[in-house]
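Report on the structure given below.
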């Protein structure tokens, strides 16, 4: 899980070198679809037809946004898409830990962070060590920059803690849908700060993606309402998608 987390961070930073923040965040909206596909292909988790139908506007919006993106870059697009797969894998594994193995959000961060640090430290020293040393000697105002870096680390901890808390309270897919509010804000703020060009069709594609994610959340809510009763041996297939990955029964939760 730490390795997948590192891949997600690296690919996110790489994609931002080639595509604007607004486009990268729109691609990130594809994460609910990749989460469902991975759970179906790898973990053999069943999803009923309403879930698959709700993914159509998400995929269509992403395709429209990509085709009409004025700052489109193939390498940046591919990095962001692989990052979506890494994000989905991380949230699925987190759901397995938090639901199946009784982890809580702070323990998950506690055990994951040291491994992620070790994984990133060696390539960071090899690839960027000399650049950091020269930066320390040549940059005029190092303390403010270090303060920004430390603040970023604190915010990253708060982000990961909140992510695992939400996954612990809900599911991996629900978390990804809820995160699309952040996408809408990021797209708007990115345009306000960087003024990257956004065509009318591009904006429509982004809007379709966000509406599709909202519709997906509504479908998940309807299904969860139908599955409020504890599942028994005769659980219908329409309720199987609500079961945790490790087979823990809903009644065992506290």
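Including glycine, each Cβ sits where the backbone N, Cα and C put it.
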Looking at 83-103, 146-166, which one is transmembrane segment according to TrEMBL?
146-166
Choose the correct range: of 55-72, 109-126, 127-144, which one does TrEMBL annotate as transmembrane segment? Give that range.
109-126
